[in-house]
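Novice: Pulled from Swiss-Prot, these are the listed features:
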type	residues	note
BINDING	110, 111, 112, 113	(6S)-5,6,7,8-tetrahydrofolate binding site
């Protein structure tokens, strides 16, 4: 089939490649414009644009597709059979959604209707969901409200972070989208209700669970509150990897990997941290207090309940440090305090 592909980050690249390798014709790729990054503020293309150029594909970079009528016309002239959208980053207007005869299909990173919107992967970890998944959804004007054609579940491990989980989900999204293509093609053209009936899509209103929305994360969301529980701090560090931040001696410190020293989670934690579980009494120190630097592992810090082990971090102006290198870099003495943002 002739496919118009919409996507921007690394997450979308496997789907673009898989559709091409499956023999479909990618008539065009729509992605976000180049953005300035790094200290030199150099213009950098999106991951999808970089891959599309290597593949010799035609690329479109509208700043706002809703308002760019010229780009809309150019895309219509490509006459795609359908559009495939994976993490594009803009809401498509109704006329764009209605243009392809076989519809617009989105690869979404959650088990809808849970976690509609931006950042479903991060929110599934933040909220402690035991599993997530990916689905192929028929797009409509509402935010991720369309019916689901097919989906797959994926467990979330205690030590999964936003990056590792996204990598697994991006591969699964690509597999699922390739699987969906012959189903969509076999349903043929016709009105949207007719095609959906032939496809036997699942309306979200008929599915279990209430709808929830993965709102955009704020600067404050990334700041560590040491008065939270060890498990909630751990979830924040893992979900927002590599951007959860605290203060150490008035400098910003990114926390890259932590492990909550909680007995009921023992089986999910590495064996080398098991001797640390239960070593310190709960509530014996103010939250954010350094309890001990443990050789080869990292720094143990108090929380509102059980302590947490900080195993990897990045101090402002420095590179990543783990275990002993982290201990050396922080030079943390017992009873020292991590800071909080006012």
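Positions of Cβ are set from backbone N, Cα and C atoms, glycine also.
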Novice: For the recorded (6S)-5,6,7,8-tetrahydrofolate site formed by 110, 111, 112, 113, name the remaining residues of the chain with Cβ within 8 Å of the site's Cβ center, in chain order.
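Specialist: The answer, listed by sequence position, is 108, 114, 115, 116, 120, 133, 135, 144, 148, 204, 207, 209.
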Novice: Under 8 Å Cβ to Cβ from residue 113 ((6S)-5,6,7,8-tetrahydrofolate binding site), same chain, six or more residues apart: give me those in sequence order, or none if nothing qualifies.
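Specialist: Residues satisfying the criterion: 144, 145, 204, 207, 209, 210, 211, 212.
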Novice: Identify, in sequence order, the residues in the chain of residue 112 ((6S)-5,6,7,8-tetrahydrofolate binding site) that are 6 or more apart from it along the sequence and have a CB within less than 8 Å of its CB; answer 'none' if there are none.
Specialist: 135, 137, 144, 148, 151, 204, 207
